[in-house]
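*Asks:* So that we are looking at the same thing, I have put the structure below in structure tokens.
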Amino acid sequence: MKQRTLANPIKAKGVGLHTGHKSIMTLRPAPVNTGIVFRRIDQTPIVEFPVSPELVKETMLCTTIVQEQDNQKIKIATIEHLMSALAGVGIDNLYIDITADEVPIMDGSASHFIFLLQSAGIQLQEASKKFIRIKKQVKVQNEKGGVAEFSPYEGFRLNFSIEFDHPAFDQTAEKMTLSFSSTAYFKEVSRARTFGFMKDMEKLRAQNLGLGAGLHNAIGLDENGVVNQEGLRDKDEFVRHKILDAVGDLYMAGHPIIGEFTAHKSGHALNNQLLRALVADPEAYEVVTYDDEEPPIQYGSSKILV
């Protein structure tokens with residue numbers, strides 16, 4: 001299987017969920033073995049962020065990558081939904097030029113990003129696609145009962161369970177398993193929106209968070225249930241969105257993962273902690289390619305320009 005980039009550049013603009021800052025984002029094709037590289041083009045000189053687990057420095061309600069320049073922290077927040085879409089489509093190499101400190105939230109899911117990527121077209125490249133294959137179990141947990149682990153599996157399977165004491169959540173909608181392929185990702189999780197509790201908004205805004213949030217780009221929950229007039233896109237949209245987030249957070253590894261991911265009450269911090277634990281143990285994984293055989297993960301073939 002070959003590496004993939006975009007066939008053409010494409011632009012999007014929007015508002016950041018937490019900062020409320022407007023930004024223009026340009027996705028541009030990149031050469032083989034470049035990886036995914038975010039670029040703050042509003043900075044002089046331009047600040048580059050080649051994705052890796054170590055670049056994630058803040059995980060309060062979103063995944064934020066940070067570089068230092070002239071003793072100043074330069075950030076890009078809320079990258080997880082775009083990273084999730086890139087993983088879903090199977091993009092290996094891409095420059096992401098952005099004019100502010102947060103990726104636009106769009107509708108709160110990954111569906112707008114997938115539309116952008118498919119509109120630009122997918123270009124196959126003359127190099128083998130690399131995968132990270134899990135060889136042994138790696139597990140992390142936190143003091144709040146959150147657990148995340150990798151284990152060997154021929155494919156990419158995600159098991160996620162959440163636990164919220166709230167009327168909008170019920171037991172039948174708090175667990176989900178996704179056997180990853182592009183088709184399954186598009187159909188099962190790409191449209192699931194981020195969510196938040198109305199009671200927390202005042203506190204968040206005091207911390208300069210949630211400044212761009214609204215019912216047009218998130219699911220709002222009050223003490224009785226969902227506030228959005230249109231309701232949920234799926235009964236279990238909450239756990240579907242958690243899987244969407246996890247797919248994006250785990251793609252910070254730099255390559256698709258072949259293995260099983262199991263999580264309970266995990267979030268951006270624990271997802272990143274798991275990736276760091278994985279790369280810290282060279283015996284836990286290997287980088288593999290599939291030149292003469294089909295990989296255990298299937299990517300859609302639509303919009304591919306050879």
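Heads up, the Cβ atoms here are built off N, Cα and C, so glycines get one too.
According to Swiss-Prot, the protein has these features:
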type	residues	note
BINDING	His81, His241, Asp245	Zn(2+) binding site
ACT_SITE	His268	active site, proton donor
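Could you place the listed features in the three-dimensional structure?
*Replies:* Mapped onto three states, the DSSP output places His241 (Zn(2+) binding site) in helix. All protein chains considered, the CB of His241 (Zn(2+) binding site) has 27 other CB atoms within 10 Å.
In the three-state DSSP assignment, the secondary structure recorded for His268 (active site, proton donor) is helix. Here His268 (active site, proton donor) comes close to Val56, Thr59, Leu61, Cys62, Thr63, Glu80, Asp245, Asp249: these same-chain residues lie at least six apart in sequence, with C-beta atoms under 8 angstroms from its C-beta.
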*Asks:* To test your reading of the Zn(2+) site: which residues beyond His81, His241, Asp245, same chain only, put their Cβ within 8 Å of the Cβ centroid of those residues?
*Replies:* Glu80, Ser84, Ser109, Ala110, Ala192, Thr194, Lys242, Ile243, Leu244, Gly248
